Amino acid sequence: MKLPKAQLWLILLWALVWVQSTRSACPSCGGPTLAPQGERALVLELAKQQILEGLHLTSRPRITRPLPQAALTRALRRLQPKSMVPGNREKVISFATIIDKSTSTYRSMLTFQLSPLWSHHLYHARLWLHVPPSFPGTLYLRIFRCGTTRCRGFRTFLAEHQTTSSGWHALTLPSSGLRSEDSGVVKLQLEFRPLDLNSTAAGLPRLLLDTAGQQRPFLELKIRANEPGAGRARRRTPTCEPETPLCCRRDHYVDFQELGWRDWILQPEGYQLNYCSGQCPPHLAGSPGIAASFHSAVFSLLKANNPWPAGSSCCVPTARRPLSLLYLDHNGNVVKTDVPDMVVEACGCS
């Protein structure tokens, strides 16, 4: 298992503080001697590193152009299930970031910024477009994928749609047609024309589609995500009592508002950053644990570099579960993903 460097050094530092103060044979066997404020600051820093590592980010996204509230609310309604139950897929809402309005009333160019990592795992895509109430009659739409900036020359047909009503319309697109380049840029050209024979160019509204503000076009994507440990049985360990000396689960709730991250993490409002701590007497040594877990790997590293007695046992996680997140990425896309192994549910002696 490849260890996250930031988390490794952070927990390593914390563990060394415990060892120096308690002289324990295992850094998770005793409670921290840090003051409550110092411990809380360490927990918050660990939460930041854990979230960034789980999302494969080196730094938090900077939101320079907030989405319109109505558009954001609509995206959340589409992405947020009735309950935030973790699954094995990601959902993404990507708003058109650049709209090149052609001089023709019947053509528009939409540009989306997607992650190249999504390309090979994309299995469902829909383009949402808004037809204004002022449009009369029947509208015929065709969608093309462009290979160049202005769609000159090569282009690929993706879908067509016919409607007689205003409001939002969803066009299912072939996922193979949305494979992004290394840059992640996807350009779609829309061609639309009225089918009502009584409609003339002079009598048509200036724009046949809404392409700005609350009616901004967007892509709805579903992506398969590899989730290590999917289907792992959940075993819960009661929260440690204040004076419990034995191995147990200690709970810390981290509020994203406290981290200053509520501008880009939309849901949930926080999560449980639990960890395992306590003594492991000889009769508990070797109880079921996760040999390759992050905690046990850190403690194994500590053992290898310190003269601790052979056979000492450590308190490590024995069950974890993923954390479902709704967040804004660096490109302003709304992403729903399940970060694996984020929440410790049970502890045991390794």
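Every residue, even glycine, has its Cβ placed from backbone N, Cα and C.
Keep in mind that what you see is a predicted model, and the values were worked out from it rather than measured.
As annotated by Swiss-Prot, disulfide bond applies to C240-C248 (among others). For the recorded site, C248 (disulfide bond), the DSSP three-state label reads strand.
Here Swiss-Prot flags C247-C315 (among others) as disulfide bond, drawing on similarity to another entry.
Among the features that Swiss-Prot reports, disulfide bond is placed at C276-C347 (among others).
The disulfide bond annotation in Swiss-Prot covers C280-C349 (among others) and is backed by similarity to another entry.
Annotation comment: Swiss-Prot describes N198 as N-linked glycosylation site.
Annotation comment: Swiss-Prot describes 1-21 as signal peptide, evidence class sequence analysis.
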Cβ neighbour count within 10 Å of C247 (disulfide bond):
28
